[in-house]
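What Swiss-Prot says about this one:
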| type | residues | note |
| --- | --- | --- |
| TRANSIT | 1-56 | transit peptide |
| TOPO_DOM | 57-63 | topological domain 'Mitochondrial matrix' |
| TRANSMEM | 64-85 | transmembrane segment |
| TOPO_DOM | 86-90 | topological domain 'Mitochondrial intermembrane' |
| TRANSMEM | 91-111 | transmembrane segment |
| BINDING | 102 | heme b binding site |
| TOPO_DOM | 112-122 | topological domain 'Mitochondrial matrix' |
| BINDING | 114 | ubiquinone binding site |
| TRANSMEM | 123-144 | transmembrane segment |
| TOPO_DOM | 145-159 | topological domain 'Mitochondrial intermembrane' |
């Protein structure tokens, strides 16, 4: 929770100095122990200002989603060199799944940030879901009926 300290115009130099000594970054350890139990003088005009209210949801869905996005990103960092060193169908399908999921989550954040209005946002998310499903199906079709993602990239590099 962000807390700011505001010093009103009523305080003089002593009030400003006392505020600096109360800041954990500035005060030495021996002063810190001395000031722990002393109350803040109300006449000095020091106030707590709470910038953001604490909204805690009961589910861990957002945290798990954020963690899984980072896991897929790190997985891609290892999967790309592994696919170059060992091109096989397992790598092709793993790349198809990871790239599609990574793109879906990334474009989903773009839709969330830049598409406004409930109906328009629902339509954009439905379109994104359809696009992601078609992308995954197309990559799986390409892996099964053609050379696969790894060999296709290698053929492009030979050009």
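The backbone N, Cα and C atoms fix where each Cβ goes, and this holds for glycine too.
Shown for the topological domain 'Mitochondrial intermembrane' (86-90): DSSP residue counts in helix, strand and coil, namely 2 helix, 0 strand, 3 coil. Sequence-distant neighbours of the residue listed as 'heme b binding site': residues of the same chain at least 6 apart with a C-beta under 8 Å from its C-beta are 72, 73, 76.
Confidence for the topological domain 'Mitochondrial matrix' (112-122), expressed as mean pLDDT, is 95. Helix, strand and coil content of the topological domain 'Mitochondrial intermembrane' (145-159), in residues and according to DSSP, is 11 helix, 0 strand, 4 coil. Residues 83-84, 87-89, 91-92, 95-96, 139 of the same chain lie 6+ residues outside the topological domain 'Mitochondrial intermembrane' (145-159) yet bring a C-beta within less than 8 angstroms of a C-beta in it. The Cβ neighbour count for the residue listed as 'ubiquinone binding site', using a 10 Å radius over every protein chain in view, is 9. Remote same-chain residues near the topological domain 'Mitochondrial intermembrane' (86-90) are listed as 143, 148, 150-151, 154 (criterion: CB distance under 8 Å, separation of at least six residues from the stretch ends).
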